[in-house]
Amino acid sequence: MGVPIRLSRRLLVRLSTALGAVVLSTLGVTGLAQAAGTVYAALGDSYSSGVGAGSYGSSGSCYRSSNAYPQLWANAHSGTSFSFLACSGARTGDVINQANSIPSNATLVTVTVGGNDAGFSDVIQTCTLGSDTDCTNRVNTAKTYVNNTLPPLLTNTYNAIKAKAPGARLVVLSYPRFYTVPGSCWVGLSDTKRSAINSGADTLASVIQQRASAAGATFVDVRPAFVGHNICSSADDYLHSLTWPVIESYHPTVAGQSGGYYAPLRGAIG
């Protein structure tokens, strides 16, 4: 009886050793997978928080939507640790404050910013209520600001983000052109106003691209993705025109967040 007992003990030891190796191996693989997972922080204004896309949850006046492109990207990449920091109305200074909440081990940061600094809402209001001349003059004032005042503000913002997340890839996204001109709209703003607003969006995109590139960030131009889906286009499904609630006016729809923002982001970084 003594020999079988010794063999059983040896067998148990071997089995225990093998099982321990399997457990350690499994834990090791899991740990590596977690370490390799993306630590993602989404910063910015209403175009990143998802105003216009509904399903805002409990984010209050930040209007963070579960349909916004940052959430869509996080959902599509399992294992992502996601910090949703974007907030409606944010300007460059606000985004610098948002950067203070970026995890120190972040590997990806996305941002849209600059439109509110340039007076986006006031431009839209002037162009909606004023004459063609009023609209054109207001857009030109905004373009002067974008060309002369905004660049260092953007640089400071991007540098602040990089300082808080030195190991992260910074991705800067643009804003869309709003209108197809001439388009399918028979009422609303004149083509003169629509063209002026588009011109302002182009100027803003150009400056953002320049500052993002200078900061070593990846620039994602969303304007091509909106072609054929702008206001007054044949599809006309990526952007709200004047709508209710008013805060959603001239912001991406659910389809706009998915096709206009998430798709270009996915195309740029996977």
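Heads up, the Cβ atoms here are built off N, Cα and C, so glycines get one too.
Those TrEMBL annotations? Automatic predictions, nothing curated.
As annotated in TrEMBL, Cys232 shares a disulfide bond with Cys185, one of the listed residues Cys135, Cys185. A straight line from the CA of Cys232 (disulfide bond) to the CA of His251 (active site) spans 14 Å. Of Ser46, Cys127, Cys135, His251, all annotated as recorded positions, the residue with the shortest Cα distance to Cys87 (disulfide bond) is Ser46. Its Cβ taken as reference, Cys87 (disulfide bond) is surrounded by 23 other Cβ atoms within 10 Å in the chains shown. Annotated pair Ser46 (active site, nucleophile) and Cys185 (disulfide bond), C-alpha to C-alpha distance, rounded: 25 Å. Other C-beta atoms found within 10 angstroms of the C-beta of Cys127 (disulfide bond) number 23, with every protein chain shown included.
When pLDDT values are averaged over the domain 'SGNH hydrolase-type esterase' (42-257), the model yields 96.
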